[in-house]
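Since the structure comes first, as structure tokens, the remarks are kept for the end.
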Amino acid sequence: MSQPIYKRILLKLSGEALQGDEGFGIDPSILDRMALEIKGLLGLGVEVGVVLGGGNLFRGAKLAKAGMNRVVGDHMGMLATVMNGLAMRDALHRANVNAKLMSAFQLNGICDTYNWSEAIKMLCEKRVVIFSAGTGSPFFTTDSAACLRGIEIEADVVLKATKVDGVYDCDPVKNPNAVLYHKLSYAEVIEKELQVMDLAAFTLARDHNMPIRVFNMSKTGALRNVILGKTEGTLICD
């Protein structure tokens, strides 16, 4: 059997990835499939941290444009990621996977408050750790949270799960002739103005030499292929 090329990963799942074709909320079948794919990684000996977005439930930035205070909107968005985290933890438990949900701010009785040393300890015990509530501060995206937590837990890579096969030279949804990149440097991403993630998140990863791999989570087996070093998605590193 092939061996994994990563020992510890940070998996970033967008809220949109959880909603499937529903357009809103959480598709239980997708949640269960993701839980089983994560379980498969544990079987390979990989330690898994997860950061979830909240865009399937709430988008603070969008309402801020309509007049809502941005801080209030972002706080609501953080709570949406906690809701997704609760759903993911439940799906993992139903798949007989030991998982812990942590929040960047206190939510006593619902989940644990984020603690770096405790997170490391649980990862070493082969428990899946779900990091919710973003960074705990407004004005930062969940991509920033993913890169931050990935750096903190000393992950080998941040895996950004999307609905497309990787990073393209233009929008593949609008242009069927878009070209998929298999490997890019941080400098190339900035030079070509490719939309991998927001600049704050991307520069954080770059400054700490944290590799990023963008791949299509909707493809069954894609996550496992990434872990086994097969050609899947786009790798961004120096």
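Cβ atoms are placed via backbone N, Cα and C, with glycine included.
Quick look at what Swiss-Prot annotates:
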BINDING   Lys12, Leu13, Ser14, Gly15, Gly55, Arg59, Thr162, Tyr168, Asp171  ATP binding site
BINDING   Gly54, Asp74, Thr135, Gly136, Ser137, Pro138, Phe139, Phe140, Thr141, Thr142  UMP binding site
REGION    20-25  region 'Involved in allosteric activation by GTP'
Restricting to the region 'Involved in allosteric activation by GTP' (20-25), report the mean pLDDT as a whole number. 80
Could you state the CA-to-CA distance between Ser137 (UMP binding site) and Ser14 (ATP binding site) to the nearest Å? 18
Other residues near the UMP site, CB within 8 A of the CB centroid of Gly54, Asp74, Thr135, Gly136, Ser137, Pro138, Phe139, Phe140, Thr141, Thr142? Gly77, Met78, Gly134, Ser144, Ala145
Asp171 (ATP binding site) to Thr135 (UMP binding site), Cα to Cα, whole Å, comes out at 29
Name, in the order they occur in the sequence, the residues of the same chain whose CB lies under 8 A from the CB of Gly54 (UMP binding site) and which sit 6 or more residues away. Gly15, Gly77, Met78, Leu79, Ala80, Thr81, Met83, Asn84, Thr142
Students should find that the Cα atoms of Thr141 (UMP binding site) and Gly55 (ATP binding site) sit apart, in Å rounded to an integer, by 11
So for Asp171 (ATP binding site), how many other CB atoms are inside 10 Å of its CB? 10
At its widest, how many Å does the recorded ATP site span between Cα atoms of Lys12, Leu13, Ser14, Gly15, Gly55, Arg59, Thr162, Tyr168, Asp171? 25
Would you mind pulling the DSSP three-state label for Lys12 (ATP binding site)? strand
